[in-house]
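Peer 1: Below is one structure. I have some questions about it.
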Amino acid sequence: MSTPVQEPKVYLPPQELVKSAHISGLEAYQRLVAEAQQDYTGYWARLAREFVTWQTPFTQVLNERDAPFFKWFEDGRLNVSYNCLDVNVERGLGDKTAIIFETDDGQVTRVTYRELLARTCQMANALRSRGIQKGDRVVIYMPMSVEGVVAMQACARIGATHSVVFGGFSAQSLRDRIQDAGAVAVITADEQLRGGKQLPLKAIVDEALSLGGCDTIRDVVVYRRTGGNVGFNAPRDKWLHELLDGQPDRCEPAWVEAEHPLFLLYTSGSTGKPKGVQHSSAGYLLHAALTTKWTFDLKPDDVFWCTADIGWVTGHTYIAYGPLANGGTQVMFEGVPTYPDAGRFWKMIQNHRVTIFYTAPTAIRSLIKAAEANPDVHPKRYDLTSLRILGSVGEPINPAAWEWYHANVGGGRCPIVDTFWQTETGGHMITPLPGATPLVPGSCTLPFPGIVADVVDETGKDVPWGQGGILVVKRPWPAMIRTIWGDPERYKKSYYPADFQGKYYLAGDGAIRDAKTGYFTITGRIDDVLNVSGHRMGTMEIESALVSHTELVAEAAVVGRPDDTTGEAICAFVVLKRPRPTGEEAKQIAKALRDWVGKEIGPIAKPKDIRFGDNLPKTRSGKIMRRLLRSIARGEAITQDTSTLENPAILEQLSQTN
Ligand code: WT7
């Protein structure tokens, strides 16, 4: 007897939204999909003319001659910062608030488009005064701040390629990125303020540069945020306010080619070394502007709030570029969701009358826990009636968290857009449109109009709906990754592998389409990449950090296991160069190794579980059997075939918690 299949719950878009949305009704969505199907390049060309202001209009749309190194709008010229700032001022939005910035300790400042343009120009002039030019790479290691956005926009204005490094990365990680990018300058702050604590930034830059290999760096520009004591190394180091002093508030933008690299952003892959994902100017800007408008139904009166950090791609596309390219008003937040208490997000939504709220499932899950433990921080205690649309990003949102978010934050009236995308895709790929798409909790629903996503098997053949497989994108799209900085071969191998005859973009995720509706559900990474609190971590990267502790560690293997709050948790199996520790000693060594990984990569990479063994489960040819380790990490009984295992007794040992 088969058990009856429960029909998934469906949430239709609210009638009012169907009437008023930019993309109103499913038919409107389908018309766009059909338009793209009939004339793919015509569709994107139409939008590129509508959403981007060109200095020199393009005549070529897509160039596939050097596939998979695709080029979009190749002969057009533009400036991204001009599109985000000047265009809005010229349209009469000079006095409109661009950014409502709230500090960790609750101080609020508002910045208009006119001011943001002036500050960006001054910063751009300051960078030019240091000899920074079009094509130079600039690393930005900054806290969440208006200055952080201004730094990104200023780079864009002069055609310098920025590479923002998240403020939680260690000196070592920062050094690796500076070195790989060959950056000429670092823009940083004295310290950052998060959750009432002052955390170092400049000191970490100093340490990174002292590790060597950063000879390309000529300038370190320091924004004074906390006033904390920092070492100053003249003439290399300069205070930002001193550099800005007397700089004109106008700056002629550098008109760059459409393909000019706007930014690099380092992300984890299946091998040890992070990859510098290179994005273009025009194609990226188009998708940032377009998806911000359609996915969030952004209107002139909206107050948009994306809670991501500018150190991640979400903070690039949906803070630094997308909302500004639309002349929108957005909230930007320096702090953390749990300070001074776990009601902070709800209080800020209430105070700023936020209408569109975009956050990560991991934040929602931890705020659910907090609200259950303390009714004072429950969203029901706050006036959240300003909200009209909610969003989710970074990892799958489990249906229970979806329902809670919908009922308690959205008051049952706000559609949730569960946006699937990646650092490499530049913007949303599979997502509901709030006035068009019926929602099913746990599904990111349908591809954004013009994105040809599908599910195939290992040979690249389509799998029928209802059957799981590999998520691919069958046509290049304007905002896609252009290459991996300095490693075009790795770009080809990672994203256009020979398995699919180099035809399809491989996302690295598994997916399944609903048998009836074709809706997508992402089933998780199919490579050695973990997703911890929405942060991407390579298992190999953590393994190499562990084994770089040559005094203690002989061998290490890292796998993921499900975690209620963080989505996935990092589990390390470690063989030491000394006898396997137990009890108190095991705890101490585990702590030392966690701290070590924190120093090597950053606190986000610290393994939650560390287990010690005399050995690791290996095949006779010496290959570590990770699937067995995955079962052990989950606390599951081992049901897999272990006949090829050299040392079966090790499973028993590793299954014991030390
Ligand atoms: C990976 C990309 C998207 C920007 C932030 C993360 C996972 C992302 C979803 C979603 C299920 C998701 C995928 C993807 N992911 N969004 N809505 N549903 N999974 O960017 O660090 O490049 O990570 O995050 O596994 O491949 P990223």
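Easy rule for this one: first residue shown is 1, then count along the chain.
Every residue gets a Cβ built from N, Cα and C, even glycine.
In TrEMBL, annotation is done automatically, which means it is predicted and not curated.
Per TrEMBL, domain 'Acetyl-coenzyme A synthetase N-terminal' is recorded for 29-84. What TrEMBL records for 93-477 is domain 'AMP-dependent synthetase/ligase'. Annotation source TrEMBL lists CoA binding site at ARG194, GLY195, GLY196, LYS197, THR314, SER533. Taken from TrEMBL, the feature ATP binding site covers GLY394, GLU395, PRO396, ASP418, THR419, PHE420, TRP421, GLN422, THR423, ASP509, ARG525, ARG536. Annotation comment: TrEMBL describes 541-623 as domain 'AMP-binding enzyme C-terminal'. The Mg(2+) binding site annotation in TrEMBL covers VAL547, HIS549, VAL553. What TrEMBL lists as N6-acetyllysine is LYS623.
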Peer 1: Across all chains shown, how many C-beta atoms besides its own are within 10 angstroms of the C-beta of PRO396 (ATP binding site)?
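Peer 2: Neighbour count, Cβ to Cβ under the 10 Å cut-off: 21.
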Peer 1: Taking the mean position of the Cβ atoms of VAL547, HIS549, VAL553 as the Mg(2+) site, which residues outside that list, in the same chain, have a Cβ no more than 8 Å away, listed in sequence order?
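Peer 2: Along the chain, the qualifying residues are ALA545, LEU546, SER548, THR550, LEU552, ALA554, ALA556, VAL574, LEU593, TRP596.
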Peer 1: Using only C-alpha positions, which one of THR423, VAL553, LYS623 is spatially nearest GLY195 (CoA binding site)? These are the recorded positions in the record.
Peer 2: THR423
Peer 1: Cα within 10 Å of SER533 (CoA binding site) is the criterion; apply it to the recorded positions GLY394, ARG525, VAL553, LYS623 and give the hits in sequence order.
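Peer 2: Close recorded positions: GLY394.
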Peer 1: Which one is closest to THR419 (ATP binding site) in space, judged by CA to CA distance, out of the binding-site residues LYS197, THR314, VAL547, HIS549, VAL553?
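Peer 2: That would be THR314, the closest of LYS197, THR314, VAL547, HIS549, VAL553 to THR419 (ATP binding site).
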Peer 1: Over the domain 'AMP-dependent synthetase/ligase' (93-477), what is the model's mean pLDDT?
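Peer 2: A mean pLDDT of 97 is what the model gives the domain 'AMP-dependent synthetase/ligase' (93-477).
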Peer 1: Can you list which of these binding-site residues (THR314, PRO396, TRP421, THR423, ARG525, SER533) have a Cβ closer than 6 Å to ligand 1?
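Peer 2: So the answer is THR314, PRO396, TRP421, THR423, ARG525.
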Peer 1: By the DSSP assignment reduced to helix, strand and coil, which category contains PRO396 (ATP binding site)?
Peer 2: coil
Peer 1: Need the DSSP three-state call for TRP421 (ATP binding site) to compare against my parser.
Peer 2: coil
Peer 1: What three-state secondary structure does DSSP assign to ARG194 (CoA binding site)?
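Peer 2: The three-state answer is strand.
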Peer 1: How many whole Å apart are the CA atoms of ARG194 (CoA binding site) and GLY394 (ATP binding site)?
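Peer 2: With distance taken Cα to Cα, GLY394 (ATP binding site) is 21 Å from ARG194 (CoA binding site).
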Peer 1: Rounded to the nearest angstrom, how far is the Cα of LYS623 (N6-acetyllysine) from the Cα of HIS549 (Mg(2+) binding site)?
Peer 2: 22
Peer 1: Counting each residue once, how many in the domain 'Acetyl-coenzyme A synthetase N-terminal' (29-84) are helix, strand and coil under DSSP?
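Peer 2: The counts are 27 helix, 7 strand, 22 coil.
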